[in-house]
Every structure is written in structure tokens, then in C-alpha cells.
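Enquirer: Residues or ranges marked as ATP binding site in Swiss-Prot (evidence: sequence analysis): H17, D171, A172, K173, D245, R251, K252, A268, K272. Residues or ranges marked as Mg(2+) binding site in Swiss-Prot (evidence: sequence analysis): D19. The K(+) binding site annotation in Swiss-Prot covers E45, and the record cites sequence analysis as its basis. What Swiss-Prot lists as L-methionine binding site is E58, Q104, D245, K276. The annotation region 'Flexible loop' is assigned in Swiss-Prot to 104-114 on the grounds of sequence analysis.
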Amino acid sequence: MPLKSHEFTSESVAEGHPDKVADQISDAIVDLFLSKDPTSKVAVETLCTTNRVVLAGEVRTNNGSVVTPDEMNAAARAVVKKIGYEQDGFHWEKMAVENHVHGQSAEIAQGVEEGQGLFKEEGAGDQGIMFGYATDETPELMPATLVYSHQILQKLAELRHSGKNPQLEPDAKSQVTLQYEGSRPVGVNAVVVSHQHKAGVSQEELREVIRPVVKAVLPEGWFPPEEKFYVNPTGSFVIGGPDGDCGLTGRKIIVDTYGGAAPHGGGAFSGKDPSKVDRSAAYATRYLAKNIVAAGLATRCTIQVSYAIGVAQPLSIYVDTHGTGQADEARIAKAVRELFDLSPKGIRTHLKLSNPIYGPTAAYGHFGRIPGEGGTFTWEKTDLAGELKRLVN
């Protein structure tokens, strides 16, 4: 049977994109609370617009520690400064910061605290469905379209921060279209990069800056025809960031996950402590799907879980290997249940999610990253692959 030929596209946005500015500020607040109390409950949203940042949400600490509004506001400024915003319309030092963060609802608290609520175990912070995914089309076990989209913007950000190309400003987006034969990418059909720049920089100058970065990211010989290499297709892009578009936490959930190659349960990650299963269970299902693929049990794997607020264990676990499985999906699902405690406490303990590790997740994707010495991206480890393989086989 001939392999199905098709195109697929994913996009990414840079750290300076207004929605990513908001995500990074929200996660800086999460890290601030967890650094003082690892059991903190945090749900903080950020809005950023022309020289203004607004913080709102609900928080609670359990060990008597206090995070002041001034500390939260300073964390927001530090994020904007690190990104590099020093423009008239959005400047880390000049922007106003409004803080409307207040205490967590007692009714929510009783559902997520051990020993309280109808069920005495620590329950999920909300109901919902979460998905994890992995594919062997890249070493990261991620969709190639998204990997390349992220890497293009990461390299451009490194170039901007180095000072070697002062014409680049923080806001940027990328998009990569690949040609697939069956499940394998075989070439690039189009690349789009929209990058904010200083006034007076021509489109051709910008193309000459961006072209070598794109070429370095893509496999050799995959650079698209010039007419399919789009740089700032509307012309100039001087007004950008929160001065050009209002940014909000949680609006880039497909960029954050699998670039459209897998389902999404709808819940955003940034601004949430790990008692929120929107975040922690999505990390756990990625960890499990990645380990299933790393174990050679499938070349593609999607996992869905569901939760009820206040209930510890997931209501359902679904494993789909998309016809690539080397074992029955029911056996794989059974092994997952045996090897990994998918309660909020079990996830948090296994993946060490109570640490202040969330800042780096808020730009360039939560998945496909390298686990760090500081405990970041623990869900990207493949240390469960051997046990999974043994149990399934």
C-alpha cells in the first residue's frame, strides 16, 4: 500500500510575543511562591498592554510565609527586563504594574488538601481532560514541525541577546510546513518568520539576518525555495510586543504542547502550581507517552486522562498507539497504572514538581526540552522505559 503523502504545519512564538510575556510573568509568580513554600497554591493570570501589566488570581501558602505584592510586581519587571523590552510603548522600568492577586477560595482549598473534603486524599484541583503525546520523528520524540519552529526562534533570540544584530526586537513568530511521506518528514515546503525590528531596517536586510539561522536549524538540503521563505510578509514590523497587541496568560496552548499534532484538553499551564492537573497531568501524560515510544512499544503514542475536582485518582486512562504499537494498548494502559501513580500527589512526587522550575517552561514549549540540573523538565526523562518494556512484554 503506498504511503500517504501530506503536508503538516506548526507554529511557534518567541519569548517577546505578548502572550508569552504574560505566560512568563505568571510562571515567575508561581516560582516565587514555590521558592518560599513548596506547597503553595497559585493561580495567577497576567494581562500586558502598552506600558501596563495587570496581575490577578488566587494564592495560598501553608507554612506562614508571605509573598508581598511588591515582590510579585518586582518579579514581573524582572521578566520583562530579561526579555529585553526597553521600548517607549513597553519598558520594564516605566510600565505600571497593577496587582489584584488575593487568597484562594476555601471551597477549592478543601478539595486539594489531604484530610479535607469529601475524599480525604489530596484531590485534583479541578475536573478536566489532559493529553500527552510522543512521536519518533525527531530525537526529542516531538513533531518535527514544532521542533524546527521553536528552534528558529530560540536561535534568533540568542542572536538578539548577543547584541550582534541590534536591529532585532523581542517579538517574533515562526511557522514551518513539512512534507510527509507516511509518518516521516521528507522536506520543507514553506517557512514563515515574522520578526519585530527597529525602524529603518528593510525587509531584505532582515531576510539576510534570518536566512542563515533557518538554514542552520533545518536538515541539510531542506531550505525551501526563496518564494516559500516568507519574512515579515506584511512589510515592516516595528510596533510589536504588548504595545502592538494585548497579551494574556494561556493563549498559546498549542505552541506550548504539540503544535497541533495531538489533541489538547483545553487547559493552559502557566500561572498554575502543580496541584492543578491541567498542568501536572499534562506533564505526566507526556512523560508516559515519551517513555512508551522510547521503550520501542510504539512509534507514536497519545494518552488521555480525566479527573474530577477533589478526587485523587484519574477517572479514566486511554492509550492510543495509532496502529504502531508492538503490544496491545490495554496491556500498555495496565502497565502505566501499575508503574505510575497518577494522583496529583503521585505526579508531583515522581516528577518533583514542587520546586520553582516553571520559568523556563513558559517560552519555546513545555515539551521536547532537555532535563536540567536544577530539576527542570523532569517529565522529559525516559527513565521509565525499561520498566514499561519489561512489564508489557
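Each Cβ is built from the backbone N, Cα and C atoms, and glycine gets one as well.
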Enquirer: Record lists E58, Q104, D245, K276 as binding L-methionine; longest Cα-Cα distance in Å?
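Expert: Overall maximum Cα spacing for these binding residues reaches 30 Å.
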Enquirer: Counting across all protein chains present, how many other Cβ atoms fall within 10 Å of the Cβ of K252 (ATP binding site)?
Expert: 25
Enquirer: In terms of DSSP three-state secondary structure, what is the assignment for K252 (ATP binding site)?
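Expert: Note: K252 (ATP binding site) is coil by DSSP, not helix or strand.
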Enquirer: So what's the average pLDDT for the region 'Flexible loop' (104-114)?
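Expert: Here the mean pLDDT over the region 'Flexible loop' (104-114) amounts to 62.
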Enquirer: Taking Cα atoms as reference points, which of the binding-site residues E45, E58, Q104, K276 is nearest to A172 (ATP binding site)?
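Expert: That would be E45, nearest by Cα distance.
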Enquirer: Test of understanding: give the count of other CB atoms lying within 10 angstroms of the CB of A172 (ATP binding site).
Expert: 28
Enquirer: Look at each of the binding-site residues, H17, K272, K276, and point out the one with the fewest other Cβ atoms around it within 10 Å.
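Expert: Among the binding-site residues H17, K272, K276, the lowest count of other Cβ atoms within 10 Å belongs to K276.
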Enquirer: With an 8 Å cut-off on Cβ-Cβ distance and a minimum sequence separation of at least 6, pull the same-chain contacts of the residue listed as 'K(+) binding site', or say none.
Expert: A22, S26, L55, A56, G57, L248, T249, G250, G271
Enquirer: Cα distance, E58 (L-methionine binding site) to K272 (ATP binding site), nearest Å?
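Expert: The separation of the Cα atoms works out to 10 Å.
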Enquirer: May I ask which of the binding-site residues H17, D19, D245, K252 is closest to K276 (L-methionine binding site) if we compare their C-alpha atoms?
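Expert: It is K252, whose Cα lies nearest.
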Enquirer: Using C-alpha atoms, which one of the binding-site residues D19, E58, Q104 comes nearest to D245 (ATP binding site)?
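Expert: Ranked by Cα distance from D245 (ATP binding site), first place goes to D19.
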